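Worksheet: one structure, shown below.
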Amino acid sequence: MITRQVLILGHWNSRFRAFIHIHSAGQPLFSTMTAAFPIQPVARFAGKSELVKRPKEFACFSYDADHKFLLGAQSLKWYYTPDLNVDLSKGFESFIKHDDSVDEHLDSLLTTIADYEQKTSKPIDAHIVTWRGMMTKIMAAPFDDDDGFEMNATLYRGCIFIEENHAYKQASRANERPWNGPIPQEVMQYWGYKFETLSTLPKPWGQTSRDFIESRPDHVVNNKEQYCSVVRTGIGKTILCIGGEVDAIWDDKPRTQGDPINWVELKTSAVIQNERQANNFERKLMKFWIQSFLLGVPKIIVGFRTQDGLLVETKEFRTMEIPLMVKKNGRPKWDGDTCVNFANGFLEWLRHTITDEGVWRIKRRPRSAEIEVFKVEEVGHGDIITDEFMNWRIKLELRQAQPPTEDNETEE
């Protein structure tokens, strides 16, 4: 009879553990190595912020009203002050909602990167490619332990590509406690999209009719349409390529690529009437700040609404001023420098942990004091990287390996 034992090879620095499963003959059946990055104590990440490279947009893409992918800025929106005293629930019954049960992986981001590389004839120099949402979870980890997360990662051509583990996301939704509030949760989620519709124009103000502007409260809300910015940024020694949705622009894009863009992030929150609500808003500000910080969005406009969804006030926040504003409150719920330093430490550690191909899992259990990383597939890249992107990279490498011809020299 074959028996199994588990030999624990040990813990060192509280950051790495390895499990090897063996049978009675002493031959390995399989091996799983789990590395763990400790979040606590958070105090070790305090102090002056690590150097951050200003996010610079180098490409963009859009989804149209049917959520069809488009290279370019077709779905860019312009900010224009919304009317107040508008019911944010209005039009919910006609809401055109994107089906996010479909796993879109990194497909759109990779297609956009490949298009950029075709124009420049060289690969981007990022150490990590991912969505803004994944980096937001990582940066918020020291102060947000209620919800866990899972991500899939793979190493390809020296770069780590990270996506959300869609199966975990769907399972977490299915296991959520039933909502017992007076207003359905779906309606409250709709309020944010309604506020975006009330606050944006599809063209600059000078090209938009007064009738269109004044009729915005009656417009059908469609969250399938999106503009996504792709930026190059960096935290410490780690260069990042991040893609993420941008709600609107304040004026217009600069002519020179890489120059700062006056983006606007739109958010909603309950009117603050007591200390508990003030504390909740301060916690919300952390996510607001991280999301805008990562893409270089300088301005956040919050629509404050009543408990039943009436928009009563808008307030503008400067992204770079939010951490200091929170710090001045005496007993801050979070610290921006700590978020940056934690992300720097984790990303450097991750780059030394994911060092070969296969599919890796990045996992943080709810209320856990560590982030685990372990391999779930020994070879390949799963569905994280598309065949089209890999074929393009092979083609690019072959092109770069070719010696210059006389024709090429003449063209130059």
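Every residue, even glycine, has its Cβ placed from backbone N, Cα and C.
DSSP assigns GLU265 (divalent metal cation binding site) to a strand. Per Swiss-Prot, the feature divalent metal cation binding site maps to GLU196, ASP247, GLU265, LEU266.
Per Swiss-Prot, substrate binding site is recorded for CYS228, GLU245, LYS267, GLN291, and the stated evidence type is similarity to another entry. In this view, CYS228 (substrate binding site) is surrounded by 22 other Cβ atoms within 10 Å of its Cβ, with every protein chain counted.
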Nearest-integer angstrom distance between the alpha carbons (Cα) of LYS267 (substrate binding site) and ASP247 (divalent metal cation binding site): 10
Secondary-structure category, per DSSP, in which ASP247 (divalent metal cation binding site) falls: coil
Rounded inter-Cα distance in Å - CYS228 (substrate binding site), LEU266 (divalent metal cation binding site): 14
Pairwise CA distance, ASP247 (divalent metal cation binding site) versus GLN291 (substrate binding site), rounded so that it is a whole Å: 12
Sparsest Cβ surroundings (other CB atoms within 10 Å) among the binding-site residues GLU196, GLU245, ASP247, GLU265: GLU245
Sorted by sequence, non-GLU196, ASP247, GLU265, LEU266 residues with Cβ within 8 Å of centre, divalent metal cation: PHE195, SER199, THR200, VAL246, ALA248, VAL264, LYS267, ILE301
